[in-house]
Amino acid sequence: MEDEAEIYDGIRVQFPLTFGKQQKSQTSLEAVHNATRRSTASKNSDNKTDEALPSVSSSSKAWLDSLRNSKSPNPSPNGSVIGPPPGPVPDEDDVMVGPPPPPPGLGEDDDDDGMIGPPRPPVGPSSDSDEEEGEENRYRIPLSNEIILKGHTKIVSALAIDLSGSRVLSGSYDYTVRMFDFQGMNSRLQSFRQLEPFEGHQVRNLSWSPSSDRFLCVTGSAQAKIYDRDGLTLGEFVKGDMYIRDLKNTKGHITGLTCGEWHPKTKETILTSSEDGSLRIWDVNDFKSQKQVIKPKLARPGRIPVTTCAWDREGKCIAGGIGDGSIQIWTLKPGWGSRPDIYIEKSHSDDITGLKFSSDGKTLLSRSFDGSLKVWDLRQIKAPLKVFDDLPNNYAQTNVAFSPDEQLFLTGTSVEKESTTGGLLCFYDSSKLELVQRVGISPSGSVVQCAWHPRLNQIFATSGDKSQGGTHVLYDPTLSERGALVCVARAPRKKSVDDFEAPLVIHNPHALPLFRDQPSRKRQREKILKDPIKSHKPELPITGPGHGGRVGTTKGSLLTQYLLKQGGMIKETWMEEDPREAILNLNLFLQSRILRMKRNDLICWSNIELNWLSGRMDPYAYFPWWIIAKV
């Protein structure tokens with residue numbers, strides 16, 4: 001055995017270390033998450049103007065402030081310090097090297113104890129800093145890491161995450177919907193399916209059913225579509241008659257949709273709003289007609305668009321944002337109609353883009369084009385509880401969302417022309433009604449849709465501009481579960497030589513058309529060019545005059561004439577004769593007849609004969625027509 005081992009080692013020395021099957025290198029999860037970690041500067045874009053939004057924790061900030069204020073080290077008077085003796089006092093311009101000295105006032109009680117380890121935080125502001133740090137940790141916002149689901153060529157205007165958090169839908173102004181699956185996706189973050197619901201119409205809203213087996217797609221057309229979980233079309237709602245004035249008598253919307261949402265409890269009911277000035281409740285089992293038509297209350301008769309709509313948490317109330325700036329709420333009860341139960345007149349000075357109920361149904365959040373977010377108490381609707389301004393909004397799909405525990409609510413901002421800040425995601429405290437944090441999402445793109453998934457504990461925010469769009473997923477490896485954590489750690493599969501497979505060619509001319517060889521394109525083009533119908537060849541002009549005042553190939557407009565000509569009873573050959581040749585033949589014929597008449601002494605031919613024979617005389621000028629016909 002020893003001899004064999006020596007022989008093996010001797011042979012192995014002759015080969016390089018990389019010879020043979022190598023062990024695959026495993027990338028640690030820490031390295032993977034470090035690659036997706038967000039920079040500190042992008043977390044708080046407003047830290048220069050708002051001191052309540054630090055980029056570090058409160059305790060660390062207080063400790064750094066104490067270091068800036070301390071000019072010289074003050075060791076304990078009688079205590080023995082372990083380590084090298086302190087050096088000379090540095091000047092104000094010198095840079096401090098090594099661990100900072102403890103703040104003054106520490107170690108006076110224990111004169112004999114030496115200081116070991118890093119200094120403790122200051123005693124004075126410790127209570128306040130602990131409270132601030134605990135207040136920040138109370139929200140537990142997952143912001144440390146970020147991934148982007150790309151693929152759209154324009155801004156992403158619609159977002160929907162199913163109940164389990166495994167599938168994400170994103171709709172864009174490029175008329176497409178992309179479907180992402182966290183369980184089957186790798187680190188390349190590619191969508192597994194792309195849909196185009198309605199050609200030439202922007203995707204305005206997406207909504208999953210309560211059981212997550214179907215989803216609703218709302219576009220700029222008048223017809224909403226229902227798809228199954230895999231992206232197959234299940235049905236399309238009917239379009240109403242645009243010539244009927246009363247909207248209650250139409251079977252569907254007559255103009256473009258603005259919003260749509262599935263019922264939170266019943267999986268057969270959906271709600272849509274449209275630019276025709278109505279809200280409609282549909283049954284997904286009947287695509288031919290709606291269940292209920294809701295006409296908002298208007299100050300003057302007309303058609304004012306309904307810009308957005310929303311269900312409450314239990315599905316018992318409907319809220320609609322009207323184009324005149326009002327918010328109207330209807331309660332579903334027996335015998336209810338179009339008269340709203342709650343009417344907030346002039347809630348915003350511009351169109352409303354998003355509405356959101358709280359879980360208890362007592363609070364309503366509204367987002368508008370006027371750059372504001374308002375908090376309403378539905379028990380006192382005379383004035384809003386709080387108004388948050390300086391939130392630019394340029395998109396009709398900008399929404400507002402709650403956190404899973406409803407301690408926070410969040411919304412996105414749009415990028416203005418002369419602004420230096422990009423699209424932001426703003427977090428607000430629900431109880432204190434104050435700004436908590438601003439997070440930079442995109443330096444050049446606007447933030448439109450946002451959502452905080454309760455099971456994944458991950459924040460989704462859509463952004464983009466006129467040339468690109470994506471969905472940003474914010475997560476924290478210590479706070480979040482599944483979702484982005486699953487696909488980020490999954491490396492893409494490497495292609496192998498065994499993966500190559502030559503395409504099979506089946507030569508069977510007598511099989512079905514599916515298996516037949518396609519004819520050559522050159523022959524196919526030549527065949528199409530010969531066919532006047534397929535090649536769209538224009539008709540050739542009709543040659544020769546018509547007959548009886550009509551232009552045509554039958555040379556006659558009557559059926560009797562056509563039948564006589566076909567039977568040979570009517571012969572007309574002058575259409576095919578040459579007119580010059582016919583005139584010469586007529587001259588020869590007339591000359592022969594005149595010579596015959598001269599012999600019979602019927603007419604004197606003294607001067608007429610010379611002119612006629614010379615060709616200077618017209619026979620019709622001297623002879624009546626009946627004489628020429630007789631001749």
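Yeah, the Cβs are placed from backbone N, Cα and C, and that goes for glycine too.
Taken from TrEMBL, the feature compositional bias 'Polar residues' applies to 20-29.
Annotation source TrEMBL lists compositional bias 'Low complexity' at 69-82.
The region 'Disordered' annotation in TrEMBL covers 20-139.
Residues or ranges marked as repeat 'WD' in TrEMBL: 149-190 (among others). Here the repeat 'WD' (149-190) has long-range neighbours at 32, 196-208, 210-212, 215, 217-219, 229, 231, 395, 397, 445-446, 448-451, 453, 455-456, 458, 460, 462-471, 473, 482-484, 486-493, meaning same-chain residues at least 6 beyond its ends whose C-beta is under 8 angstroms from one of its own.
Assigned with DSSP, the residues of the repeat 'WD' (250-292) fall into helix, strand and coil as follows: 0 helix, 19 strand, 24 coil. Residues annotated as repeat 'WD' in TrEMBL: 250-292 (among others).
Sequence annotations record features per position, and here TrEMBL assigns repeat 'WD' to 345-379 (among others). Long-range contacts of the repeat 'WD' (345-379) within the same chain, counting only residues at least 6 positions beyond its ends with a Cβ under 8 Å from a Cβ of the stretch, are 307-314, 316-317, 319-327, 329, 385-402, 406, 409, 411, 428, 430, 433.
Helix, strand and coil residue tallies for the repeat 'WD' (149-190), in that order: 0 helix, 21 strand, 21 coil [DSSP]. According to DSSP, the repeat 'WD' (345-379) comprises 0 helix, 17 strand, 18 coil.
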